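**Student:** Input: one structure, supplied below.
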Amino acid sequence: MALVTLQRSPTPSAASSSASNSELEAGSDEERKLNLSLSESFFMVKGAALFLQQGNSPQGQRSLQHPHKHAGDLPQHLQVMINLLRCEDRIKLAVRLESVWTDRVRYMVVVYTSGRQDTEENILLGVDFSSKESKSCTIGMVLRLWSDTKIHLDGDGGFSVSTAGRMHIFKPVSVQAMWSALQVLHKACEVARRHNYFPGGVALIWATYYESCISSEQSCINEWNAMQDLESTRPDSPALFVDKPTEGERTERLIKAKLRSIMMSQDLENVTSKEIRNELEKQMNCNLKEFKEFIDNEMLLILGQMDKPSLIFDHLYLGSEWNASNLEELQGSGVDYILNVTREIDNFFPGLFAYHNIRVYDEETTDLLAHWNEAYHFINKAKRNHSKCLVHCKMGVSRSASTVIAYAMKEFGWPLEKAYNYVKQKRSITRPNAGFMRQLSEYEGILDASKQRHNKLWRQQPTDDTIAEPSEFLPETLDGALDAQLPCLDDTTHPGLPRSLAPGGPALPCCFRRLSDPLLLPHHDETGGLVHLEDLEKDALLEEEESQPVEVHKLVQHPQEGARLCEKDVKRKLEFGNSKPRSDSLPQVEELEKDGSPRTGRWRRASTQLDRSLLDQENLNNNNSKRSCPDDLERDAMFGILSKVKPPYTSCADCMYPTAGGTPEAYMERHEDPSSSAICTQPTFLPHVTSSPMAHASSRSRAPERPASGPANTSPFLLPAGSRKPDVSGSGAGAAPEPPASLLEPSRETSKALPKSLQLKNPHCDKNAANMEVSAKEEPSPKKDPKPAKDLRLLFSNEAEKPTTNSYLMQHQESIIQLQKAGLVRKHTKELERLKSLPSDSPAACRDSATCRLEASIPEEGSQEPAHPALCSQAGSEEQPVGGTLQKSPTSTLPRLDHTSNFSKDFLKTVCYTPTSSSISSNLTRSSSSDSIHSVRGKPGLVKQRAQEIETRLRLAGLTVSSPLKRSHSLAKLGSLNFSTEDLSSEADTSTIADSQDAKCGLSSSFLPEPQSAPRDPAATSKSSGKSAPEHLKSPSRVNKS
């Protein structure tokens, strides 16, 4: 296969042509001169040359002195034949034919010109060369193609052309040459029929010039005129198979199957149809003379299928060299990009199309895999430009087909088998050689490894075989993926709940899987591998059912679900909340937790039906209760979860430190933008909204004034990491246990003004408040009370002046969220409540009923009683049941408060300083501000704090400095966790409980109309905050019990 460009030159026939056609217009001289300078490019196969409709494109010109090495002597013969023509005539096709004389070379040439009415007129010329090295040729036959021209296959490797009573038989030297001749002749006959060319008319008069030029030897002329009596020079079928019987239909079916296999394995440029038939007879072991016509027709059918490019995708064609040379077809199909996967085939139209060459041969040892990446980008370039790309090799069977299969595997994430079957279905002759199949298998492993690195680390494992496009994981498209992630949404009894978890389904154990496990396999039971949750939850179920107040049973239709609301949360959080394995004892917890982190807070626009399903699933998977697991397991889970690395999403600094002059409505609009790309995976606490627990309390004090809030007054939540999905839309009665009104009211009030990431201070509040949103929407909506929003604006302006004081409280409250994942939130919350109940500088704020209910806004694993006994009487007297659904018991938490006194502030300091995935800790090493480096109010800067965190974590995990340092460097590649030189050398820090006490007092004062509290002495605060128990770090048993 070659592309050869020849230059037209003046010929002796030009003068005679001009004299014999003096009736032509005067402008024909200019046209003739233009034709003399035109280059003519030909698409060449062995035995045939097809003119390319390229005109005088300068990019396509080539020098004849350097013919293509695969073109043979055809370019020289073609140049001689061009010089034989008139200047206005063109060669459309030249096909080499067999001859009875071994030293002679014969060509059937299709010559065309533009007629009087700019119509195409075609004739056939028989051209003879005395030898292969001859520099001259003669014309031995001229055949006009009239409108009655008919073409038939002779069944012996040739075809006959009959017109106006004359018939000639032509036998091309190869199947490919015959196929090219048949296509060109078919189009020429169509033109003759359309314009009704008939003998005696004005058409084809110019053929008389060539008839006058017939000058071949008489033996050659006789050969052209006696073609109907010419026997093929090929040997007949072997006599061995002459007497074998045949069975019609059965034989035809075998012929179809074997003929396709033979043609796909043969070089059609170097074999004839007779040779293919002989090979077919050998394989079928029978004589096929009576099936010659059937074989030729099937051969043409197969050639037609191989000739037509196959549309694999909307932007991708797979074809052969013939398709790459068919300009009309390329332009008609909208192809602008051509990927040439051959070494022996040229680019035919370099001035018209964008080409990319992969110069390889079709051999098993060829390294095609190295080129698939560049081929992928080239094809996608055509896709991005809304165009189409043709990928071709010689036949469109092996090299180009392998490239298209590799493209499908990478573009759509398909396995090799699926991609191969898909391309095979679109183009049935697809058959990569054995070497390319091995490379495709290797390429599949490379792509799988790449998915493990880049996709599966931060993505939930898909539950089906659908292709996961990158856009499916954006916030805008996650709603559309809801049906795929929740297979049983249309289950009316338990919507959104997998069958294995539904009450009627099989009771499969819920396990955690390793990062290397491709599927969730319940039957795996290796040591340290799978952690079954059933035993961890039985005690929690019993304990929660016993401790639940009687009044709550009045509210919840199904008493058992009140405990399940909290019970299943551990499973959900451990399954979807964490990021990295901390130790070998619990690798699955962090691996499954990291899958959920990127998706936190992205389910804002789900429909009512889907959210009702999600709500039921959430209620069946909530578990904040205590876990009866071994002490070492709980400790490892605690410190493994707290040390997880956050995926590198957009920083939450904008959420944490916006401008102080912004209004609550401005923050509301900014956080509710569904197209926003900044997704906070952790709850962020603005400096001027750190008093949101007080805002909760103030709204709770107004609960009797406003019994319920309609859906218009609520807004979606952005849940913290550890929460799975927010439940915003309403659900039917009884779909989920309705939470107590003490949590319902604050969520209603604050959701209107606060950003979604600031409304709730721990995951348990998130769950309950989200459920209360649902129940709130079922109630009628009274007139909105504008007073809470006004107070909140006051809070915004007051607290904007104390970012330093409240930053430590932010860290403390974020640690609550992380501790709750490990099942330690009860003790930590009690300690915080006990600290907040100590005397403060603002008694007026404490006397306010809102302050008295501050602790109640931090609930305790499903129990709705007040947290501190000193505030119970006032809370119980002022807070009336809403709709008769809630009554508080002021004494139910006294035993639990005594239990939490074992925890010292040093231990809480250790936990509080344990690194979390908040935006503060993740940005420490990248911060160069004075707040991060220098001390603030006698306390070390954030960099020193982080050094303290890292050293504390290493000591409690029983590790040396070098071992986690190496591990952290590997984690840094994925989670942007960078170590500085100060990370490993830090002095002991003071207790952070004093910080939280300072922040608490600042909160109380900020609730007043004017900021009245002056900065307090940190030393004095430390004294008032109570004891310091360094022995807590020395006592691992007490840590284990926590």
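Keep in mind that glycine also has a Cβ here, set from the backbone N, Cα and C atoms.
Pulled from Swiss-Prot, these are the listed features:
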- 1-29: region 'Disordered' (REGION)
- Ala2: N-acetylalanine (MOD_RES)
- 13-22: compositional bias 'Low complexity' (COMPBIAS)
- Ser37: phosphoserine (MOD_RES)
- Ser57: phosphoserine (MOD_RES)
- 249-304: domain 'DEK-C' (DOMAIN)
- 308-449: domain 'Tyrosine-protein phosphatase' (DOMAIN)
- Cys393: active site, phosphocysteine intermediate (ACT_SITE)
- Ser516: phosphoserine (MOD_RES)
- 576-609: region 'Disordered' (REGION)
- 668-766: region 'Disordered' (REGION)
- 697-712: compositional bias 'Low complexity' (COMPBIAS)
- 858-900: region 'Disordered' (REGION)
- Ser889: phosphoserine (MOD_RES)
- 889-1042: region 'Interaction with YWHAG' (REGION)
- 915-942: region 'Disordered' (REGION)
- 917-935: compositional bias 'Low complexity' (COMPBIAS)
- Ser970: phosphoserine (MOD_RES)
- 985-1042: region 'Disordered' (REGION)
**Student:** Tell me the Cβ neighbour count for Cys393 (active site, phosphocysteine intermediate), meaning other Cβ atoms within 10 Å of its Cβ, over all protein chains shown.
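**Tutor:** For Cys393 (active site, phosphocysteine intermediate), the count of other Cβ atoms within 10 Å is 28.
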**Student:** According to DSSP, collapsed to three classes, what secondary structure does Cys393 (active site, phosphocysteine intermediate) have?
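**Tutor:** Coil, per DSSP.
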**Student:** Let's see if you can do this one: DSSP helix, strand and coil counts over the domain 'Tyrosine-protein phosphatase' (308-449), in that order.
**Tutor:** 69 helix, 23 strand, 50 coil
**Student:** Within the domain 'DEK-C' (249-304), how many residues are helix, strand or coil going by DSSP?
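**Tutor:** Computed counts for the domain 'DEK-C' (249-304) are 45 helix, 0 strand, 11 coil.
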